[in-house]
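Let me begin by presenting the structure, written as structure tokens, before commenting on it.
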Amino acid sequence: MAIQSFIPPQRTLMGPGPSDVSQRVLSALARPTIGHLDPEFITMMDEVKQLLQYAFKTKNENTMAISAPGSAGMEACFVNLITPDDTVVVCRNGVFGARMIENVQRIGAKLVIVDSPWGRAVEPQRLEDTLKAHPQANFVAFVHAETSTGACSDAKSLCEIAKRYQCLTIVDAVTSLGGIELRVDDWGIDAIYSGSQKCLSCVPGISPVSFSEQASEVIQRRSTPVQSWFLDQSLVMGYWSGKGKRAYHHTAPVNSLYALHESLLMLQQEGIENAWHRHQSQHQVLAQGLTELGLNFIVPEAERLPQLNAVYIPQGIDDASVRQMLLQEYNLEIGAGLGEFAGKAWRIGLMGFTARRENVALCLTAMAEALKKHR
Ligand SMILES: *Cc1c(COP(=O)(O)O)cnc(C)c1O
């Protein structure tokens, strides 16, 4: 049979990302493609940068959107800043902290790991004890919102400790940006990366990043070239901030950047603090409903992410069958467990445009039905 156009089903995306993309953002994506060095496009890139500075709450000049998913943003932060001479303290409380460790290992830098239990926030005291024991450490890296477990770490305190020990900070904000409080400048974050498809509710494939003045100096002072040509910030910066004289580095994903522009504009129009509150209030309704269904949260209340609700799968219930039923009968996607929680948990996302009352109601109705059928 001849292959035909692909028409995806209309789903409600309540997993760990991507989240639902609004019609407004999809419409932006469908506007005419223009050249990536067209003056009109360059003006739009400048606006994307301004909107990202708003979302990150930073004045960092070195703020941009990498043309690749969140994982590339992670890699960009590590390969640009770290050399084999450095000592990096990585806090691990889930899958994404473990990926940071792999990045450090591949660079060949000295690595010190601070482990906290999965499903809990990173413990500030453990970081402090580790920094005391390793005075040569010059970087601290951690995940603000651990999507694999639903735990929120206290980014402000962790950065404050890192600064007291003269360390630069690298923060994963893939799931936190737009969903919970995040203040890059006030908290002293030196390198941060996020993703387009979580609480920004844009299409996947773009990674917003920002580097502080001090981090940018470290990159400029490098004596060895960055091991990745594509992610080398000293080259990409000439493309994103060439002040009218932009140097061709690669071809930006033109239409995807229209979409990011629109989703960031929506965030600015809503007001980022309002977006944080919306995530929290929808989470509270969802959490109460899930608890009434007899589901138990993995993360203690004080450390929970509103945008990622991880609950234990009740004894004797078939994980895959429940998720299949939700997808087939309700067009509802929820996430499976990851890493230590594979087969043991569901991860219910309330990210960005998905975090609305009607989706919470749909999810609770569908879960109630699915649990009843499977008990
Ligand atoms: C999703 C996610 C990533 C990876 O982002 P991709 O866009 O899938 O590459 C990294 N860190 C965290 C915390 C995430 O949730």
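Every residue, even glycine, has its Cβ placed from backbone N, Cα and C.
Residues or ranges marked as substrate binding site by TrEMBL: R347. The domain 'Aminotransferase class V' annotation in TrEMBL covers 33-337. According to TrEMBL, the N6-(pyridoxal phosphate)lysine annotation covers K198.
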Fewest other C-beta atoms within 10 angstroms, as judged across K198, R347, which are the recorded positions: R347
Nearest-integer angstrom distance between the alpha carbons (Cα) of the residue listed as 'substrate binding site' and K198 (N6-(pyridoxal phosphate)lysine): 13
For the residue listed as 'N6-(pyridoxal phosphate)lysine': DSSP state (helix, strand, coil): coil
Collapsed DSSP category at R347 (substrate binding site): strand
Reported mean pLDDT - the domain 'Aminotransferase class V' (33-337): 97
